[in-house]
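> Let me give you the structure first, and then I'll get to my questions.
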């Protein structure tokens, strides 16, 4: 009898299923969404634009919009914001409305706001000048005091040397004068002796 080979199993073994990783992939630093730049504050740009105008009657709304557009502000999208900012600044007393009513008309800075801007500019210019000058005056004062202290000792020896010369000169004059006086005294003493001798001889002759 012929041997029969065992039949191959028809059942298939299922392949292992990979489980999805529970860890979330971290975002790359380069792909982080860039933040939108903050918009310009209209309440600050409007006073700056009005400070540049030299018109006494103020700046009209159309001219103000041109100045804001030149500064990089989107006037068309933010038209309503400009009008609201103008009303707020007028109510606060920062701006004065010279013509028109509401947001339409001409505007200019009030005296208080103008004086505040001038003071700020003066402080900035003073600080810039101080930086250009370099060291402050307080740091320069020790150098001047050192130079004065060095000059004073030099002046004192000159006075002492002058006085020394005067004393030496006076002593030399006295020494020179003293021999002359001695010589002048010696002849007088010799004459006195001769007179005494003559008187003695006369007396002796008279006695004889």
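Placement of Cβ uses the backbone N, Cα and C atoms for every residue, glycine included.
Annotation comment: Swiss-Prot describes 1-12 as compositional bias 'Polar residues'. Marked as region 'Disordered' by Swiss-Prot: 1-39, 95-208. Residues or ranges marked as phosphoserine in Swiss-Prot (evidence: experimental evidence): 9, 141, 163, 178. Among the features that Swiss-Prot reports, domain 'H15' is placed at 38-111, with the record citing sequence analysis. Marked as site 'Important for nucleosome binding properties' by Swiss-Prot: 54. The citrulline annotation in Swiss-Prot covers 56. Under the heading compositional bias 'Basic residues', Swiss-Prot lists 121-134, 143-154. As annotated by Swiss-Prot, phosphothreonine applies to 156. Annotation comment: Swiss-Prot describes 199-208 as compositional bias 'Basic and acidic residues'.
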> Ten-angstrom check, please: count other Cβ atoms within 10 Å of the Cβ of residue 56 (citrulline), all chains counted.
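A 10 Å sphere around the Cβ of residue 56 (citrulline) contains 7 other Cβ atoms.
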> Can you tell me how many other Cβ atoms are located within 10 Å of the Cβ belonging to residue 54 (site 'Important for nucleosome binding properties')?
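Around residue 54 (site 'Important for nucleosome binding properties'), other Cβ atoms within 10 Å: 6.
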> With DSSP, how much of the domain 'H15' (38-111) is helix, how much strand and how much coil, in residues?
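Counting residues per DSSP class in the domain 'H15' (38-111), I get 36 helix, 11 strand, 27 coil.
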